[in-house]
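First comes the structure, then the notes that go with it.
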Amino acid sequence: MIAFTDIVGMDLAKQALMLLAVDPSLGGVVIPSTVGSGKSTLARAFADILPEGTPFVELPLNVTEDRLIGGVDLEATLASGQRVVQHGVLSKAHKGVLYVDSLSLLDSSAVSHIMDAMSRGAVIVEREGLSEVHPADFMLVGTYDPSDGEVRMGLLDRIGIIVPFTPVNDYRARKQIVSLVMGTRNEEDTQDELRMLRGIIGAAREQLHHVSITNEQIKGLIQTAISLGVEGNRVDIFAIRAALANAALGQRTEVDDEDLKLAVKLVLVPRATRMPEREPSEEEMQQEEPPPPEEQPEQEGEDENAPPDETDSDADEEQEETPDMIEELMMDAIETDLPENILNISLASKKKAKSGSRGEALNNKRGRFVRSQPGEIKSGKVALIPTLISAAPWQAARKAEKAKKGIKTGALVISTDDVKIKRFRDKSGTLFIFMVDASGSMALNRMRQAKGAVASLLQNAYVHRDQVSLISFRGKQAQVLLPPSQSVDRAKRELDVLPTGGGTPLASALLTGWETAKQARTKGITQIMFVMITDGRGNIPLAAAVDPAAAKAPKEELEKEVEALALSIQSDGIASIVVDTQMNYLSRGEAPKLAQKLGGRYFYLPNAKAEQIVEAALS
């Protein structure tokens, strides 16, 4: 295994891990990078520089809930005749490191448990008559490939440092990596270097208590966070702690500018939602400096020491640039009157939806244990306590019967009729597939409001930690802009730059959405909803994607395609919302008909009020 000191390049990521080793209150380090970049090797090598005896626990992606948080050890309990508690992975990482490779692929239920443990510093185990609290105060180190999806925002909020980096492409560095892997390395030299590095980190931990940061430096970090569009006081605290830890590594007693720069680079910039405008250079300021104003006579009673009037400069700073024609076509999203709970209402009103809380379903494999039921051992996990309770009344009779036959028995005689299988409630998640009509007719109608509608619904999905997918349809076919993901911010960015123009391939949108839904179901997502933002005026057939000559199809053929797909989607149990963006005087009822074919809810966007939409959804 390659040691931490042997790893070539990745200096910023190594520095980040060293800061975490100095101050575990930074929460953790997340390293997003492409496959083969060495991120996982570096993360596992982090254990080399930690104090001796520090737990380093790797979490498998397929971890079950009882393995994650703990529960009753079935084998040990049956062997001893007394209940034996088994600690989960989270509590085993207490006072150490929990490492997760492919963090973005981790099950949402497991992510929720990790978030809860990081907030509490403990794991609460309540299952099968067991109620215990296990300490679980750990650092989280995660690596993932951004192409696999994004990491849940709630989890990133609890982690101080995010270090995206690209693979090493420098010739000398790559040659050094090959030589290291293929050649031999003096083990004594490696161990000496690791001991030295552990000593530096140990000294930095002691020095951390003696490092100070000024109010002006704290103010500068907070102002930088605001200018970058970074929200939340927790991030400000992480940035301050990162600066203090870096100063401690340098054995300094005061934070300097380099410490502040590193904190901004590791904590604030990866979370930036906007970039501040560049300050003009001195030359540019001299070129743009206006001529001096003509002298004016002093006003009576004017105070010579009064501060200059800042009204004009403030007004100049608040002026906004007028967008050009291209920016107008891009149409930034704006607020609309769609109610925030439209998604909840429509899911609740869908008759085919399962009962229970949003996005939750019962199963025999994973989630939160809610009850037991009779079943075979091979069909699920045995519910120990209910099984023992079921078997208890028959023990005397069964042992007597076995004794008559000369069969020796153990402490318990359990038959297949006694076996109870666990039933879990798993928040498998709701997937909202947004299909936005970006055709030319939409550009002339209500594209601005349409984008605003999607933006408000995306925010609702973010609050409930649902997954979203974004599909646009224009020209000859639909296009998946964002596969199913929990990254609402990425969906908003794709939406902001969505161009318009061309035909309306409505059938292609339905087919693409349906295929996306079917793929999601193979990954355990049970509730899916289509949200179609369109005027419903489809005019491009499916065949046009491969044969441009087929674009001019009869209207009847287009309607048959849409109707067949809509009926298939409806029969597949997928809920739908159709938001009509067409002007009243242009409408021929295309969008209401589409909603009817899908068996979904219909909303008219331009003049709709929240109360009207809620009333329509509940009727």
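In case you wondered, yes, glycine gets a Cβ from its N, Cα and C as well.
Quick look at what Swiss-Prot annotates:
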BINDING   Ser33, Thr34, Val35, Gly36, Ser37, Gly38, Lys39, Ser40  ATP binding site
COMPBIAS  280-321  compositional bias 'Acidic residues'
DOMAIN    431-619  domain 'VWFA'
REGION    273-321  region 'Disordered'
Sparsest Cβ surroundings (other CB atoms within 10 Å) among the binding-site residues Gly36, Gly38:
Gly36
Tell me, how many other CB atoms lie within 10 A of the CB of Lys39 (ATP binding site), whichever protein chain they belong to?
25
Fewest neighbouring Cβ atoms within 10 Å: which of the binding-site residues Ser33, Thr34, Ser37, Ser40?
Thr34
For Val35 (ATP binding site), just count the other CB atoms lying within 10 A of its CB, please.
10
Local confidence of the prediction over the domain 'VWFA' (431-619), expressed as mean pLDDT:
78
